[in-house]
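First up is the structure itself, then whatever we jot down about it.
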Amino acid sequence: MIYPMKLRPATKDYVWGGKRLKSGWNKPAEGDVIAESWELSCHNDGMSVIENGEYAGMPLGEMLAHMPIYKGKACEQFEFFPILIKLIDASSNLSVQVHPSDEYALANEGQYGKSEMWYVVEASEGAGVYCGFKKEIDKEQLKKALYAGEILPLLNFIPVKEGDCIYIPSGTVHAICGGLLICEVQQNSSLTYRLYDYDRVDKTGKKRELHIEKALKVVNTSAVCKVNESVVRESENVRRLAENKYFTVREISVDPLFKGSVDEDCFLSLTCIKGDGVLVWGEEELRIERGDTYFLPAGLGEFSLRGEMKLISARV
């Protein structure tokens, strides 16, 4: 039976995480800290679970293995489910990192590379991100800076505010800084090459591993990112935030009504980042609150959103 599926996320308690996702967003966690909430995930490192209807209790990836038609025709080109959506709560800076391209990752790591998009949900005063370099540098200069632990002065710091969007192609050095709550839409990959981590230690007291030599093979030393560079306003209520081979991401503002449809070409995901309301499909009304994510299978047909809320939608 086809229907809108509410998802329960997998959560991660990395060292830089905060308390907002547990206290204000009602995300499940054993401890006090949630760094990441994997809202839409078919990744083996943390899979979302369906909460309602016929498939309740089933991991999303398992359901799609039984019902691949629910992914849609646009996903047939991919070996793996193409996207992963996270909420990220950074109470301190994330590591300075880079992700490889598909070409490098498939040849050397057996999985896809990663391009990603950040949408700023909440931002403390003065918060920002590192993204790309202040100016183009050569790899030998970068290597010396990395081994000396002096990469931060080379990086481009970008102040951000609520509603800002940054698209980060593979090969771009980047880091989310403390004080931000981010909705991240990315390729379905866990490949991360860490260049610098502030000499932090993990729960066992060991410094987290760096991957400098791998990073130097894939980094784009001329990459510079800009806020909202990829954003296009499609209508009064819709902004297209990013678009590539793997994902098209939009911000949808509902006040008081939005109508949409899901055809057989591709699924649609909806993550509520502000406000609340209902998802109406046929005679069904499903409550949506801040932090809820729904998977709408390909071929679902027409639906509407009612209330006052802001959502991030994603599809291929």
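Positions of Cβ are set from backbone N, Cα and C atoms, glycine also.
All TrEMBL annotations are machine predictions without curation.
Database features, via TrEMBL:
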- 6-105: domain 'Phosphomannose isomerase type I catalytic' (DOMAIN)
- His99, Glu116, His174: Zn(2+) binding site (BINDING)
- Arg194: active site (ACT_SITE)
- 241-313: domain 'Mannose-6-phosphate isomerase cupin' (DOMAIN)
Could you give the mean pLDDT over the domain 'Mannose-6-phosphate isomerase cupin' (241-313), rounded to a whole number?
98
Count the residues of the domain 'Mannose-6-phosphate isomerase cupin' (241-313) that DSSP assigns to helix (H, G, I), to strand (E, B) and to coil, and report the three numbers in that order.
0 helix, 53 strand, 20 coil
Find, among the recorded positions listed as His99, His174, Arg194, the one whose Cβ has the highest number of other Cβ atoms within 10 Å in the structure shown.
His99
For Glu116 (Zn(2+) binding site), what residues in its own chain, 6 or more apart in sequence, show a Cβ-Cβ distance under 8 Å?
His99, Tyr167, Ile168, Glu184, Val185, Gln186, Gln187
Tally the residues of the domain 'Phosphomannose isomerase type I catalytic' (6-105) by DSSP class, grouping H, G and I as helix, E and B as strand, and everything else as coil.
24 helix, 32 strand, 44 coil
In whole Å, how far is Arg194 (active site) from His174 (Zn(2+) binding site) when you measure between their Cα atoms?
10
His99, Glu116, His174 excluded, remaining Cβ within 8 Å of their centroid (Zn(2+)):
Gln97, Val98, Lys114, Ser115, Ile168, Pro169, Ser170, Thr172, Gln186, Thr192
